[in-house]
Every structure is written in structure tokens, then in C-alpha cells.
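Asker: Just dropping this structure here.
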Amino acid sequence: MTIPENSTETDSSMLTLDLDENATHDTVGFLDVYQTYDWPKSTQEIIQGAFFLGNVILMFPIGYIGQRFGGKSLLQIAVGVNGISSFVAPWCVAWGDWIAFAVIRFLQGCAQSGIYPGINILITHWFPVAERNSLSSFIYAGAGIGSMLAFLLGGILADSIFGWPSTFWVIGVSCCIVFILITIFAATTPGDHRYIKEAEKIYIAKDQVEEVVTKPNIPLKKILTSVPLWAIIITHVGNTVAYMFFFMQGPTYMFGVLEFDIMASGVLVALPYLGSCISALAFGNLSDYLTNRKIISIKMARILFNSIACFIPAICLVTITFTTSSTLAVVSFVISSTAHSGHHTGWMVNYMDLSPNYCGFLMSIGNVISNIFAVLLPVIVSIAVTDVTDRYQWRIVLLLMAGFTFVGNVIFILFMSGDIQPWNKGNEEDEEEVVKKA
């Protein structure tokens with residue numbers, strides 16, 4: 001069974017469990033980690049949904065934690081919890097079957113809810129504004145690289161003498177190593193770092209319009225009534241849901257309607273992630289090139305790359321629903337994933353444009369709503385598609401997803417902003433009170 005990762009977040013345990021119709025939990029010894037599991041599709045959906053449920057439940061609290069303690073703490077929580085839970089997963093599943101695995105996935109979803117908010121907070125503190133897109137693209141490309149390696153190495157490890165549990169053990173150990181490196185060498189801000197030079201601090205802060213500070217007090221009312229913010233959230237949700245549909249339901253559509261099993265080829269599975277990595281780096285560098293040379297404004301750059309990330313996948317979705325060619329469907333699949341990386345220099349970095357101080361919390365709001373839709377997506381598909389071989393049932397869902405991401409980007413174009421919002425300074429009343437007390 002393959003457990004896929006959500007859109008807007010890197011899933012460190014997107015690995016494979018062997019399925020064997022002849023060997024089940026009851027036919028092997030207690031806590032035998034090498035036993036195999038024949039779980040029905042409904043059980044697999046519950047396990048997949050548990051991850052997104054964890055994301056939704058803890059997203060707001062994790063946003064507050066990030067505002068209080070900084071982005072480093074969110075990354076420590078994410079890799080620490082996922083490292084330990086991944087390593088012990090084979091034993092837990094042997095003990096508690098699919099329920100134990102669903103609980104693990106839920107905990108991992110909770111922990112990973114802080115990855116992108118934490119990254120956004122660190123980016124605003126550490127990256128010069130003029131290089132923010134190009135440097136952050138290297139970080140965002142890591143999601144595609146990690147997913148590609150998981151698919152390729154997962155099969156190799158599962159076929160090794162250590163069996164399928166080794167995929168979880170390798171991920172667990174890797175996460176623990178990353179946790180140690182973050183704890184020793186990372187810092188929330190340049191001012192907190194033990195080894196940074198003064199010249200480096202000056203270089204990082206040279207072109208910041210406002211000083212970036214971590215503010216524990218969040219002006220929630222002003223944030224929730226911000227029109228530019230809701231423009232980002234709407235396109236965030238539409239773009240993410242369309243992307244997740246591609247990866248969660250796309251292979252099922254191609255197998256049921258086009259009779260082509262894309263998951264049978266490791267190369268074809270890896271291609272969308274490879275395209276995503278390459279385009280993420282290209283879009284980030286191109287965006288900085290265009291804005292730093294005043295060829296286009298920051299606002300226009302966000303609109304341009306977000307349109308690439310939304311309009312092209314929408315066209316690919318429409319293409320897939322009307323084509324009978326499996327080759328064209330695979331090409332559309334790869335093109336959509338490649339174009340989707342434009343969102344890194346579109347709506348994702350636009351959270352930082354609006355509020356460097358609260359961008360982590362803003363990302364949390366968008367992630368909560370998008371993950372609610374992610375949980376509902378399999379339900380919507382199961383209601384609309386009762387026969388996976390029926391092209392016309394699938395067409396309704398495909399066109400719905402295309403329309404969702406298309407309309408979301410239109411709203412983004414009309415109402416977005418590339419400027420820092422007044423509420424980035426926090427609650428002015430609270431600030432005045434602090435000054436009076438001082």
C-alpha cells in the first residue's frame with residue numbers, strides 16, 4: 001500500500017507496505033514486523049485521511065507555537081515526531097494492525113502541520129528580500145526530491161533482505177539525524193545564531209522594508225478581515241486540491257478508464273516529481289531576475305507564476321478527461337506537476353509579502369482550509385464516481401477540479417496585493433500600551 005503525501009506539505013513516510021492476499025495479520029507471530037497486510041480500499045482511505053485530519057486539528061495551535069517560539073521549534077517538532085513514529089511503525093502495526101497505523105499517521109499529520117509555517121517564518125528572517133524567491137525555491141524543491149526518492153528507494157529497500165520495514169527505519173533514522181542537525185546548527189533568527197558573522201547579519205537585513213520580529217500577539221480580527229489574505233487562501237485551496245486530486249485519484253482514473261497503470265513504472269511515477277523540482281528552481285530564479293531588474297513588479301510576478309501554477313493544471317485536467325490516449329494523459333500529468341511549482345513564487349511567497357511577522361500563522365490558516373478539502377476529496381470522488389471505469393462520471397469531477405483552481409486564480413488576480421499590510425505591525429493598541437509602561 002502506498003501512502004501519498006499532501007500538497008502543501010512534505011510527508012516523510014510516503015513509503016510502501018507489501019500487500020499479500022495469502023498472508024494476513026492472523027497467520028504470523030505476534031509483533032512479527034515482516035508480516036504483510038491485506039487491507040481493503042476503505043481501510044486504506046481511513047489511513048490516508050488520518051494524516052490530513054491531524055494536519056487540520058493541530059494547524060492553528062502549531063501556528064501560535066510558531067509565533068511564540070519561532071520557526072526552528074516547528075521543524076524540530078515535525079522531524080522529531082516523524083522520526084520516532086516512523087522507526088517504531090512496523091512494531092506498532094504488528095501490535096495494533098491498521099488502527100495503530102492510522103494513529104501513527106494522525107500523529108505524523110499533527111507534527112507535519114508546522115513544516116511550511118516554520119519554513120515561512122525562517123525564510124522571512126534569514127533570506128534577503130531580493131533573493132527570497134531563488135533561495136526559497138531550493139527549499140521547496142526538497143518536497144519533490146524527497147517524494148521522488150521515497151518512490152524509488154522504497155521499492156529497493158522493500159526488496160532488500162531487511163524487507164518493507166526498512167523503508168520506515170531508514171526514514172526514522174534520517175529524521176532523527178536531521179533533528180540533531182537542526183538543534184545544533186539552526187537558529188530562529190540571525191541574531192540568535194552562535195556562529196554567524198556581523199557582516200552576514202547586515203547583508204540579510206539590508207533590503208528589508210520593515211524589521212522582521214516574532215510577535216506572539218496576533219491581530220486576529222484584522223487578519224481575518226483582510227481581502228488580500230482571503231485572495232491568497234482561496235487560490236491556495238483551489239490549487240492544492242487540484243494538485244492532490246492529480247496524485248491521489250489520477251492513477252485510479254488512468255487505470256480504470258485508460259487501462260494504463262502508471263504506478264507500475266518507477267520512472268513514470270518519478271517524472272512528475274522530477275519536473276516539479278526542476279521547475280521550482282527555475283521559477284524561483286526567474287522571479288528574482290524579473291523583479292530585481294524592475295522588469296515587472298512583485299505583484300505582477302506573483303500573478304504571473306500563480307497563473308502558471310493554476311491555469312496550466314486546469315487545462316491538463318480538461319485534456320485528460322477528453323483524451324483516450326494514455327500517452328497524452330501521462331504527459332498532461334507531468335506538465336501539470338511541473339507547472340504547479342509556480343505556486344512557490346505565487347501564493348506561497350505572497351503570504352510573506354503581506355506580513356513577514358505573521359506569515360507562518362497565515363500559512364496555517366490556508367493549510368487548515370485546504371486540508372479540510374483534502375479530507376473531503378475522497379468522499380466527493382466516491383459519491384460522484386461509483387464506477388471507476390465510467391469516463392463520464394470521472395469527467396464531472398475532473399471538470400470540477402479544473403474549475404476550482406481556475407476560479408481561485410481569477411480571484412487571486414483581482415484582489416491580491418504585493419505590499420506589506422498595516423496589521424503586520426500587530427495590535428497598535430498593545431504596542432502603545434507597552435511604550436507607556438516603558
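Backbone N, Cα and C atoms are what each Cβ position is placed from, and that goes for glycine too.
Caution: TrEMBL annotation is automatic and unverified by curators.
I grabbed these lines from TrEMBL:
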type: DOMAIN; residues: 1-420; note: domain 'Major facilitator superfamily (MFS) profile'
type: TRANSMEM; residues: 46-65; note: transmembrane segment
type: TRANSMEM; residues: 77-96; note: transmembrane segment
type: TRANSMEM; residues: 102-126; note: transmembrane segment
type: TRANSMEM; residues: 138-162; note: transmembrane segment
type: TRANSMEM; residues: 168-187; note: transmembrane segment
type: TRANSMEM; residues: 229-250; note: transmembrane segment
type: TRANSMEM; residues: 262-283; note: transmembrane segment
type: TRANSMEM; residues: 303-335; note: transmembrane segment
type: TRANSMEM; residues: 355-384; note: transmembrane segment
type: TRANSMEM; residues: 396-416; note: transmembrane segment
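Looking at the shown structure, can you explain where the listed features end up?
Answerer: Residues 12-13, 25, 30-33, 35, 37, 62, 65, 103-104, 107-108, 110-112, 114-115, 118, 164-165, 168-169, 171-176, 178-179, 182 of the same chain lie 6 or more positions beyond the ends of the transmembrane segment (77-96) yet place their CB under 8 Å from a CB of it.
Sequence-distant neighbours of the transmembrane segment (102-126) (same chain, 6+ residues past either end, Cβ-Cβ under 8 Å): 3, 8-13, 46-48, 50-59, 62-63, 65-66, 70-75, 77-78, 80-82, 85-86, 89, 92-93, 96, 132, 135-136, 139, 188-190, 204, 212, 214, 348, 351-352, 356-357, 359-361, 363-364, 367.
Long-range contacts of the transmembrane segment (168-187) within the same chain, counting only residues at least 6 positions beyond its ends with a Cβ under 8 Å from a Cβ of the stretch, are 12-13, 15, 72, 75-76, 79-80, 82-90, 150, 153, 157, 162, 193-196.
Listed as Cβ neighbours of the transmembrane segment (355-384) (distance under 8 Å, sequence separation of 6 or more from its ends, same chain) are residues 6-9, 45, 48-49, 52-53, 55-56, 59-60, 62-64, 66-67, 71, 74, 113, 116-118, 120-121, 124, 208, 210, 212-215, 218-219, 223, 229, 232-233, 236-237, 240-241, 244-245, 248-249, 347-348, 393, 396-397, 420-421, 423-426.
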Asker: Three or more CB pairs closer than 8 Å, sequence separation of 6 or more: does that hold for the transmembrane segment (396-416) against the transmembrane segment (46-65)?
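Answerer: With fewer than 3 qualifying Cβ pairs, these stretches do not touch.
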Asker: Mean pLDDT for the domain 'Major facilitator superfamily (MFS) profile' (1-420), as a whole number?
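Answerer: Mean model confidence (pLDDT) across the domain 'Major facilitator superfamily (MFS) profile' (1-420) is 84.
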